[in-house]
Amino acid sequence: AEEEAEAARQKAEAEAAAVQKKLDDEAAAIRKKEELASEAARKVQEHLERMAREEQEAEERRAQAEAKMEQKVAKAAAAAAARAAAKRQVEERAAALREERRQAQAIEESRQAEKQAQLVRSRAEEAKAKAARQAEREAAREVAREAKAAQQEALRVQAIARQAEEHAVQLHRQAEEGRTRELKAKEMAIAK
């Protein structure tokens, strides 16, 4: 009976040891799986964090690129506006110079016409004096005709001088009206 009891005890201990070993093996396998799962979760987390960082960096690069592009566009717009303003100033100055030249030309034409009229009048006076001195001569009638022609020429030149003066006044008035229109146009553009 003792031998049977001993054998049963040994058998029970062996079975208990086997069960314990099986439990230990299962526990070790579970721990191994948990470690693998933890390592996989860590790698996934690192991957997600890396992707988040890369996405944030890409977004920052896009934002910087957009900001640079906006700066370039703003600079280009400012440069275009400056060129347009400079061109407008040059055109306005050129128009003013052309108008000044027209006025100067009209004044010079009026001055030359008056000078010519004075010369013709002087010649007419000389012709009159000559006609008076030669009144008793046979050529007196011819000299009188010359004096009359000179007077008519003087009247014609005076008429030309008056027309030139009126033309100069008209050009000046047109220039004033042009400046007034430009000022009104600028005021309307500023008001808009």
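One-based numbering along the chain as shown.
Placement of Cβ uses the backbone N, Cα and C atoms for every residue, glycine included.
Heads up, TrEMBL stuff is auto-annotated, nobody curated it.
For 34-73 (among others), the entry in TrEMBL reads compositional bias 'Basic and acidic residues'. Cβ atoms under 8 Å from those of the compositional bias 'Basic and acidic residues' (34-73) belong to no residue of the same chain, restricted to positions at least 6 beyond its ends.
According to TrEMBL, the feature region 'Disordered' maps to 34-152 (among others). Note: the region 'Disordered' (34-152) comprises 113 helix, 0 strand, 6 coil (DSSP; helix = H, G, I, strand = E, B).
Per TrEMBL, the feature compositional bias 'Low complexity' maps to 74-84.
Feature annotation from TrEMBL assigns compositional bias 'Basic and acidic residues' to 88-114 (among others). Long-range contacts of the compositional bias 'Basic and acidic residues' (88-114) within the same chain: residues 157, 160-161, 164-165, 167-168, 171-172, 175, 178, 182, each at least 6 residues beyond the stretch ends and with a Cβ under 8 Å from a Cβ of the stretch.
Taken from TrEMBL, the feature compositional bias 'Basic and acidic residues' applies to 122-148 (among others).
Under the heading region 'Disordered', TrEMBL lists 170-192 (among others). Outside the region 'Disordered' (170-192), and at least 6 residues removed from its termini, the chain residues within Cβ reach (under 8 Å) are 92, 95, 99, 102-103, 106.
DSSP states for the region 'Disordered' (170-192), grouped as helix (H, G, I), strand (E, B) and coil, give 22 helix, 0 strand, 1 coil.
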